[in-house]
Amino acid sequence: MSFENRDSNNPGPVEGRKGTDNVISSLRVSQQPSFYAFQDASDNNFNNARITNVGGNFTQHINTGGNQDTFLREKLNPILNPVRKLDTCMKGTRQQLLQDLCEWALNSKNTLAWIYGIAGTGKSAVAVTLAERFRGMQDQITLALTFHCVKGQETSNLSLLVPTICYQLANVCPGYKKALIDLFIEDQSLIGSGIPLHEQFNLLLNVSLFQEAREKKIAIIIDGLDEWGTESDQKALVQEMADLTSGVTAIGYSPDGRHVASGSKDHTIKIWNTQTGKQVGQPLQGHTGLVRSVAYSPDGRHVASGSNDHTVRIWDTQTGNQVGQPLQGHTGLVRSVAYSSDGRHVASGSNDHTVRIWNPQTGNQVGQPLQGHTGLTGQLVGQPLQGHTGLIRSVAYSPDGRHVASGSLNHTVRIWDTQTGKQVGKPLQAHTHWVTSIAYSPDGRHLATGSSDHTVRIWDTQTGKQVGQPLQGHTHSVASVAYSPDGRHVASGSNDHTVRVWDTQIEKQVGQLLQHHTSLVRSVAYSPCGRFVASGSDDHTIRIWDTQTGKQFGQPLQGHADWVTSVTYSPDGRHVASGSSDHTIRIWSTQTGKHVGQPLQGHTEWVTSVAYSPDGGHVASGSSDHTVRIWDTHTGKQVGQPLQGHTHWVTSVAYSPDGMYVASGSADHTVRIWDTHTSKQIGQPLQGHTHWVISVAFSPDGRHVASGSLDQTVRIWDTQTGKQVGQPLWGHTGSVRSVAYSPDGRHVVSGSHDVIVWDTQIGKQVGRSFQGHTGLVRSVAYSPDGRHVASGSSDHTVRIWDTQTAYIDRYQQISYVHSPDSHSCFIDPQGWLCYSAQITPDPSLILWVPPALRVGFSDSRQTLTFPQDAINSAVHVIWNNFAYGSDWTQVWKENDD
């Protein structure tokens, strides 16, 4: 639940003022997961306060487990004593609002409430009072956290909100706590506060970590969200919260392939026509918890569904009605359901460690539960199939029954011989996160797998090899996959709220050819000639962009099996080197788009950064294995021993202009300089940052190194003395992910939630920051002539910025808005381009700018965006034929008649 202040200029009534009893005159509840609440908020006063409920029921996914508070504190870095507010609603006020909120919390199927109003109407007081009421309802609801966002306090830190939520949830949900601890044990490098918001939700609040239903609801109250980040940050947060509580969790094809059934976190099942893509009839409603599995009967007339509400339900696909009563008996959530081949029975598997067989005609359980995991009664065939080192999320029988495939949290798929109980071949490895769903093709020759890495992959069951490239397009975890009866298509359901159908013959999403990155951009680099920009992405590809045409140049460079974390051009522009979390470095020909030679292998963990030597003969690489390595680009061999000294991840590497030295930044908070000939560290580590150093760059003369850090600062270091030059450069409101020197060495550009240019001589910001990205800026690079900066972001885009205006206007702020004759202009809240040197009550209106163009229109320094149809993309304006003001008459043509 979030309370936001949207109009600081109109304070309105406050607690205790005359007329306070009538402040809340109506309360509207919306059942749709809409974000119009953000857009409309400033146009509504508190007399028309609205609660918008977003998504399904998050409070259903809980289990029980262990207790290791100290370990979680170290890993999550939560705020243990968040700032408190004490003001409460005056007695007798806000009664209806508070009653409606309590009713929503206890009875609504929707789990995200949003309340907003003008400043001074006591929303924080409502939050405090509501928390008191929840604490007085402990037999019905558990209040996990009340979080008051206050600027200047820890609670305004973007990286600490989600870890704090996780920590407090773990305190009231033992099962979630155990699953969270297991996650951190499995990935010991993971630090909750050190990853972006999207990854915090995807990893730490993944729905799979909540495995048991609870009798009591759990409430979290977030107050003052307008004091937490930017409006885009706030939208991103609520979108992630909505994704927690809505999304497709199960997929099943009808026997004739004409329909797909999908189960969702919103407790419903929907039927879709695969020919038209349209929903058939109304949602099938009845479950009171997340739907985890769906299966068609052999004749296609019925669908069985299993849910977190511990029940199995049978549905008539013609009428949409539930058939009979729920099948009840499981004492834990039902994870999987399947029909027998003759349709006479339904099998269900549950977290209560049992498999049960049901007669769907009578609704009765057939025989006793099949038990084995707990060592109780029931007929277990053979020994357990052992080999996975993580929780098993999905299993599937081959069509001939001779094999079983299993997918696990350890990122692997394994195939087992049902006769011998032995593993067949090696584990199938390529997914970079949990394997969440498995399906055999009808002929048994292929497996489709879905994963939390957002991809679907096809495997050859005979060779154990991946077939083609990953199927990419989902923007969140893939929860379920299913083959069509003819084996030509795979359907996938995801937490991004979509069902996608893929053609397995051509390995493309049906009906769409993607010509841009499908995931966040981690790195960008300019070609030496300045015409091209290379970008590396979590979609496993490198793409080359032509800055003259604004188009992608050639096909994506494909070969990495995991995120592309870093890209760099060779000095002659003929090659691009890329580093990846698949532990390899690859060299690519920019002419052919093919990789040159074999991958450079030696790192034992992620490759986080790569840099070419000035002569192009070597590539330096940094890794999460704590080492820096030097590679010969001609032989592909490692040169000498790894450069060792860092005590944590090496996050960035950079060559000095003469090639004699390499600078490295690390999660150990230091920058180190290395002699490339002796492999020895030069001097002491450069110390001063208080958090991970994410990026380093040498100045063109080699005398200085710039570094950017999660501590939100940029620092300049003297390479001769090892001392920091001047004060830290403060200006960013988030972690600094990338730094780069201008070719003349007079400026440094840095990327965070925005892009800032700094004057290295005076240590000041130059002009206003570049804004337009809707996600974290992860990489920045100067063009060879220094006139432009390229930036790559989590919003999947690359943007090009004109730096010249910023340099000219070094000491004052000016208007960067597109305007005729370079007039000083601004865009008002209604979207009008206004002619005025400053914001005034009655400016001259020039033209109205459509909403989709306003951000790009407001900053003429953004000259290009890849792809060109991205949100907040660059706008080009030609004023030649534009007439306004007194010149409007020039468009009038006298009629000679």
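Don't overthink the numbers, they just go from 1 along the chain as shown.
Note that Cβ sites are derived from N, Cα and C of the backbone, with glycine treated the same way.
Taken verbatim from TrEMBL:
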| type | residues | note |
| --- | --- | --- |
| DOMAIN | 92-245 | domain 'Nephrocystin 3-like N-terminal' |
| DOMAIN | 481-641 | domain 'EML-like second beta-propeller' |
| REGION | 1-21 | region 'Disordered' |
| REPEAT | 241-282 | repeat 'WD' |
| REPEAT | 284-325 | repeat 'WD' |
| REPEAT | 327-368 | repeat 'WD' |
| REPEAT | 428-469 | repeat 'WD' |
| REPEAT | 471-512 | repeat 'WD' |
| REPEAT | 514-555 | repeat 'WD' |
| REPEAT | 557-598 | repeat 'WD' |
| REPEAT | 600-641 | repeat 'WD' |
| REPEAT | 643-684 | repeat 'WD' |
| REPEAT | 686-727 | repeat 'WD' |
| REPEAT | 729-754 | repeat 'WD' |
| REPEAT | 770-805 | repeat 'WD' |
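Note: the stretches the repeat 'WD' (428-469) and the repeat 'WD' (557-598) are in contact (3+ CB pairs below 8 A, sequence gap of 6 or more). No contact links the repeat 'WD' (770-805) to the repeat 'WD' (284-325), because fewer than 3 Cβ pairs that are 6 or more residues apart lie under 8 A.
Within the chain, the repeat 'WD' (557-598) has long-range Cβ neighbours (under 8 A, six or more residues past its boundaries) at 430, 432, 469, 522-529, 532, 534-538, 540-544, 604-612, 614-616, 619, 621, 623, 631, 633, 636. Computed over the repeat 'WD' (729-754), the whole-number mean pLDDT of the model equals 94. DSSP assignment over the repeat 'WD' (241-282) gives 5 helix, 21 strand, 16 coil.
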